[in-house]
Amino acid sequence: MQIQTPSFIFCKLRQLFSDNVFTFSFLLITTLYLSADWFMDRYFMPKNISFVVGIILWGGICIGNWKRKIRLSVDFLFLSFTVFMGYVFVCSLFTSQYIHSVYIVSGWILFVLMRNRKNPTETFNSILAVVGVLSALYGLLQYVGCIEIQSYFPVTGSFDNPAGFAASIVLCYPFLLCHSSNGKRRTFKVMACLLLIIVVILSGSRTGVLTLCVVTLLFYALRYRKLIHKRRIFLISGGALFLISLFIGLIYLKPASASGRVLIWKVSAGLCKEHIIQGNGLGSFKADYMPEQAKYLSSSHADESDRILAGNTNYPFNEYLLLLIEQGLIGIALFLLSLIAVFRSNVAFDTPAILTLVSIAIFSCFSYPFKYTFVWFMIIYCFASLNQREVALRTIRFNKPFLLIILFILCFFLIKNIIFERTWKRISLVAEKNNGLLDNELSVFTKLYDEWNGNPYFLYNYASELKNVELYKQSVNIFLHCESYINTYDLQMQLADNYYQMECWEEAERRYKLAQCMCPSRFLPLQGLLRVYVKSDNCILAERIALEIINKRIKIPSYTVTIIQEEARNYLRKKNI
């Protein structure tokens, strides 16, 4: 027995590896839970890297398992998904961040590997259901204070804010919901479903609450459609009325937030006009949105409420709008092609894969789910789980040497990116400890800039460090480089402050005015303008700005605003006004 037990365990472990259960679990757990201070970005970068690592491991296991041949059915779903991913990949080649291309290729490889018919889908679904419950318990412990979080939000999971956490719970929910309708321990499974719903409510995600309600009603309507057939008109009308009432109620729960999203959508619509066919390019939203917002708020189309609501925005809170802006009508058409493939699939609409895709579709209307690696993992898994009605166009054998070459290329660029990000993190910690850059750290930053990996936030950080050690001219040059990738209120303020220190009054004035147009409710740009006019002896404009500061409506009272207003009053007192 002592001899058989280890061999039995070894056989089981080998079976789990062979069935890709370990690699699936690795991808699921790391993209959902992994967050660490290894990089400047502790929430996204570790998950993104683990996503690529997991896919490389999965591909390596398939290559090493010589008895199994990687066969692939080329059908309409495969073609539509491949064409869409191929188009996004080509667009990514024209961006500064090569790591985006690595993520896209990795996602396509994962889709290919998951399309292998040998994968135990039922086991994967059960793992997702269990992980959903564990995530809910983790969030509940955060809410009651048993687990400390580095955020002012009560629940974030291992994400940067409640949106990512709610999205992860919502995407696991359909797998648990389908388990609750069959098999043993139904009461326990229903209670687990209620736990997920309660935790999403506690997270404060209105989109999450709406999505859970839609998915639950859709599931029971489809699963028990024969029982409700006679009263279907009454029940459908009641369900629709409930969802409409819930939607309106969620809007009035946070009316300012809802109005802010409408403003973002109005401004974002203006970004689609110039390159409507091919789009503005992958990642262009962060560079183009805030100047467009400044333009809109300076026009007669904007009212005072819009100017009060406007803030620093990096995302349009609508994935379809983002796709149109960055990928154009071509991207929308290819996306619709993939959607048609989903409807043509030989899968019932009350299955977890379809319900999860519905959840992603609803979430994409009001939030930014595709910002999170876990959502990419889930949508690839759901697409790979779908079977097509028609016979495959052809069956091909995936070339293992070709796959091996791709995996080596992914490894090379991934390691290169990890080294860059780790060096950046290390040198930033040293600079923070020394309260600024020393000659050694400055030389390392300069070397990193020469080997830049395309991350615009490195440029912002580097320019900020140069500003802190009073190297204003060099700081301006780096900020201007960064402006091509992320043009925000904060960046304009940094540029304006640099020009102020360099006594370039006209350029400082222009930057402060642009920052003020981007976020009209802010006081710091007005303070900068006041100081520029005082330094340049422009008394008339200085007095005008000082009066504007004193009479300006305060959006959020703070100590900083009080200091700025006091500075304006002191100036007017000196001028006896």
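Note that the numbers count up from 1, one per residue, in the order the chain is shown.
Each residue, glycine too, has its Cβ placed from N, Cα and C.
Please treat TrEMBL annotations as automatic predictions, because they have not gone through curation.
Taken verbatim from TrEMBL:
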- 192-336: domain 'O-antigen ligase-related' (DOMAIN)
- 16-36: transmembrane segment (TRANSMEM)
- 48-66: transmembrane segment (TRANSMEM)
- 73-90: transmembrane segment (TRANSMEM)
- 96-114: transmembrane segment (TRANSMEM)
- 126-145: transmembrane segment (TRANSMEM)
- 194-221: transmembrane segment (TRANSMEM)
- 233-253: transmembrane segment (TRANSMEM)
- 320-342: transmembrane segment (TRANSMEM)
- 354-381: transmembrane segment (TRANSMEM)
- 401-419: transmembrane segment (TRANSMEM)
Which of 48-66, 126-145, 233-253 contacts the transmembrane segment (354-381) most, counting Cβ pairs under 8 Å:
48-66
Using Cβ atoms and a strict cutoff of less than 8 Å, what residues sit near the transmembrane segment (401-419) while being 6 or more residues removed from its termini?
49, 52-53, 55-56, 59-60, 62-63, 70, 98-99, 101-102, 105-106, 109, 453
Decide whether the stretches the transmembrane segment (73-90) and the transmembrane segment (320-342) have at least 3 CB pairs under 8 angstroms, with pairs required to be 6 or more apart in sequence.
yes
Which of 16-36, 48-66, 96-114, 126-145, 320-342 contacts the transmembrane segment (194-221) most, counting Cβ pairs under 8 Å:
126-145
Positions on the same chain near the transmembrane segment (96-114), where near means CB under 8 A and six or more residues out
20, 27, 48, 51-52, 55-56, 58-59, 62, 70, 72, 81-82, 85-86, 88-89, 282-283, 376-377, 380-381, 383-385, 398, 403, 406-407, 410, 413-414, 417, 452-456, 485
Mind checking which residues of the chain, 6+ beyond the ends of the transmembrane segment (48-66), have their Cβ under 8 Å from one of its Cβ atoms?
17-18, 20, 23, 26-27, 30-31, 34, 99, 102-103, 106-107, 109-110, 113, 116, 373, 376-377, 400, 403-404, 406-407, 410-411, 414, 417-418
Folded-back contacts onto the transmembrane segment (126-145), same chain, C-beta under 8 angstroms, at least six residues removed
21, 24-25, 28-29, 32, 154-158, 165, 168-169, 172-173, 175-176, 179, 192, 195-196, 198-199, 202-203, 352
How do the residues of the domain 'O-antigen ligase-related' (192-336) split into helix, strand and coil according to DSSP?
107 helix, 0 strand, 38 coil
